[in-house]
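What follows is a short report on a single structure.
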Amino acid sequence: MGFGDLKSPAGLQVLNDYLADKSYIEGYVPSQADVAVFEAVSGPPPADLCHALRWYNHIKSYEKEKASLPGVKKALGKYGPANVEDTTESGATDSKDDDDIDLFGSDDEEESEEAKRLREERLAQYESKKAKKPALVAKSSILLDVKPWDDETDMAKLEECVRSIQADGLVWGSSKLVPVGYGIKKLQIQCVVEDDKVGTDMLEEQITAFDEYVQSMDVAAFNKI
């Protein structure tokens, strides 16, 4: 298992393909699996790898919560597609002599046990929620205006990046390009969200992270279902 060399374009492409239908490296919540892979990536993936970039920006936002993310961090080769071998160069040996602080926490045995317990609790809660299937789920229909930088922005790529955002309780709908003047068109895209899982702040944060294509995002219409 692995992603190849995550410091190379080829390795980042493998990561991007792997995340095309996943929000996280493992499971349904950010975990130490995401931390391990995040640490191996030397920086933000390029904008054309929109799945990898969306994941990178999302995991980066958990920097303050890194110690409490569930799971036990394993070797990088334990994650990713089964048919790819990990060849990412590790800086673990060299970094022992440095004064740099590890971006994502320690391998403390006690902390790992606590993290494992926390992960099992969260998974149990998730399975419990799934099994209960509440009779009424509050949902909203949202129409978003996503504006590009100029008339040279690749709108097909912009829409691909937007639709790459996946979350439990989020379903993308129809879209169209609407002229705004000077040859510029904005993307108008519909989505349905479960109110207790997905909010407009989260959507705005993840959409505007694709800043090579996206200038801004506005909520054009918001209706309870």
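Glycine is treated like the rest: Cβ placed from N, Cα and C.
Swiss-Prot lists 96-113 with the feature compositional bias 'Acidic residues'.
According to Swiss-Prot, the feature SUMO2 cross-link maps to Lys147. A C-beta separation below 8 Å, combined with a sequence spacing of at least six in one chain, links Lys147 (SUMO2 cross-link) to Val180, Ile184, Lys186, Leu187, Val214, Gln215, Ser216, Met217, Asp218. Classification of Lys147 (SUMO2 cross-link) by DSSP places it within a strand.
Per Swiss-Prot, the feature domain 'GST C-terminal' maps to 2-90.
According to DSSP, Lys7 (N6-acetyllysine) is assigned to coil rather than to any helix or strand. Annotation source Swiss-Prot lists N6-acetyllysine at Lys7.
Taken from Swiss-Prot, the feature phosphoserine covers Ser8 (among others), and the record attributes it to similarity to another entry. If you draw a 10 Å sphere around the CB of Ser8 (phosphoserine), it holds 15 other CB atoms from the protein chains shown.
Residues near Ser42 (phosphoserine) in space but far in sequence (CB under 8 A, at least 6 apart, same chain), listed by position: Leu6, Lys7. Annotated phosphoserine per Swiss-Prot: Ser42 (among others), in sequence order, evidence recorded as similarity to another entry.
Taken from Swiss-Prot, the feature phosphothreonine applies to Thr88 (among others).
Annotation source Swiss-Prot lists phosphothreonine at Thr93 (among others).
Sequence annotations record features per position, and here Swiss-Prot assigns phosphoserine to Ser95 (among others).
The annotation phosphoserine is assigned in Swiss-Prot to Ser106 (among others) on the grounds of similarity to another entry.
The phosphoserine annotation in Swiss-Prot covers Ser174 (among others). Cβ environment of Ser174 (phosphoserine): Ile189, Gln190 lie under 8 Å away, each six or more residues apart in the same chain. According to its DSSP assignment, Ser174 (phosphoserine) is in a strand.
According to Swiss-Prot, the region 'Disordered' annotation covers 78-115.
Taken as a whole, the domain 'GST C-terminal' (2-90) shows an average pLDDT of 87 in this prediction. Ser42 (phosphoserine) carries neither a helix nor a strand DSSP state and counts as coil. Every protein chain considered, the tally of other Cβ atoms within 10 Å of the Cβ of Lys7 (N6-acetyllysine) stands at 15.
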